[in-house]
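Asks: Starting off with a structure, shown below.
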Amino acid sequence: MAFTVSSTTVAGGNVFPSIWTDSDDSGRNIISRNGFSLMNKGSLLHLSTKGRNRRALSVTCSVATRPLFSVPSSPPPRESSHERKLSAWTSIRQERWEGELLVEGEIPLWLRGTYLRNGPGLWNIGDYSFRHLFDGYATLVGLHFNNGRLTAGHRQIESEAYKAAMKNKRLCYREFSEVPKPANFFSYVGELVNLFSGVSLTDNANTGVVMLGDGRVVCLTETVKGSIQINPDTLETIGKFEYSDKLGGLIHSAHPVVTESEFLTLLPDLVNPGYVVVRMEAGTNERKVLGRVNCRGGPSPGWVHSFPVTENYIIVPEMPLRYCVQNLLRAEPTPLYKFEWHPESKAFIHVMCRATGKIVTTVEVPLYVTFHFINAYEEKDEDGRATAIIADCCEHNADTTILEKLKLQNLRSLSGEDVLPDARVGRFTIPLDGSATGKLEAALDPDHHGRGLDMCSINPAFLGKKYRYAYACGARRPCNFPNTITKIDLLKKTAKNWHEEGAVPSEPFFVARPGATEEDDGVVISMVSAKNGEGYALLLDGSTFEEIARAKFPYGLPYGLHGCWVPKNAENPLLDDARIYNFLAKQRFADGSCSGGTLILSYRHDDYIS
């Protein structure tokens, strides 16, 4: 039985960069990896561990004579020097991958679980290239942390839109700025009918990923049909997440508010302009109407990519960047795509009671443009009564050009000019005393974070509560896209910034240390596209904001959008130790090369690390 020695050994189409072979004194083949050994004993493979500080496990399976590992007939295509500079905006080069990453630095032992990041990772079908960042087919990336080690992988989310495109070699559903090309007038009319019914809308869940209160993990986009359940361990697509109610709806907020007990989201109403606020209890698929907000101005509801909540209220934003039915019907995108800017319709913030669904207040606020709210909380008087709502967001100074700047041709342009529109931490103050107006101002000097800001996270324990710290992507200018990670201190009104020349970091995600008493006690995780075409996972200390670890991917990953944290199951502490080898064995069973075999996992608890 032959084994191949390679730093990019492939099993079932999956790369494992740190596996090598050797032989013992009896001539048995041994595959070793970080203290584990996989020995060929005739028709058996035996996996064991060595060393005092390793958990011991064994895997025994019957195998056929085909090699367990195989190498592709040709290596992946080499990137030109020009392409290597643009890995953040270059389509993923293979559909799936899994392997262990070499860690530089030290991953805290308490960090045990999976960080999932979702985002558009494939921006072409054959020779046809998409136009906008938001068009790409979803690529799910997973970082699995366990006892200071890190395994990683990625897979394409198998939406109907993605599968149809791969099968037919063409666009088959409406994406953010892309519309399928009709063969003739009649097919165009039919496509419009399908648009109104929702059939032609994409289910390409390329925006967010959330873990529901019952542990299910769902990837999302702004179409309701684009809710897809995935397996957080294998990254496999389980299938469409079906809502069991009869509320219908074509679009919803891409960022629901999810807690252990509930799932809250907004359904924009394009016919009778307004927003339906719905709630889904953990463990169910049934959305129930909590209340409704009617628009104060404009011909249609404003875009609601995200919204915040406090302990007692739901904050419904109504901004003058509004959905436009006419633009939805167009075959070619307008400068604002599916939206129109209506400054004459003004801007509003609505406050709804979470318990009753009643509107508590509606105030007019200065014009604003935001994709992402950071957090909100209640200001209270000495008697504990709420007197005002504070709501923070990544605000683009009411400048809609940010949408145009996210076209791929702009992102791929490395002219050196400073073209990123300014942004700030926009702080809304919404009085609860019956006042008709609220305030919008910068929560700190935007120069502290380079006048760039988006892709934010906080310590989740402070959701809806008064908080001090936020983590986001800022800017070191000149730039055409956010290129730093910034820690914002809203109490001191300062910021700390991480930056690496030419690198593009994705959303910094905060994971709190178990048992922490300080708000910033934890780590910040980001995936970084480096200027040389490479990429790596980055860990920063949440408190000091110093780098504590990084782990390089075998090739550069495209830029991603949003993520979530899936804690490790405390009842299965050894799962990740056996993860890769279990995966290898299952691959062999699946393709028949290990037919008739058995898989036995055994743990010896006396070698536990305390």
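The backbone N, Cα and C atoms fix where each Cβ goes, and this holds for glycine too.
All TrEMBL annotations are machine predictions without curation.
Pulled from TrEMBL, these are the listed features:
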type	residues	note
BINDING	H255, H305, H372, H562	Fe cation binding site
Asks: Cβ atoms within 10 Å, counted per site: which of H372, H562 has the most, among these binding-site residues?
Replies: H562
Asks: Just name the winner among H255, H305 (the binding-site residues) by count of other CB atoms within 10 A of its CB.
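Replies: Of the binding-site residues H255, H305, the most buried by Cβ count within 10 Å is H255.
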Asks: If you take the centroid of the Cβ atoms of H255, H305, H372, H562, the listed Fe cation site, which other residues of that chain have their Cβ within 8 Å of it?
Replies: T207, G208, S253, A254, S306, F371, F373, L561
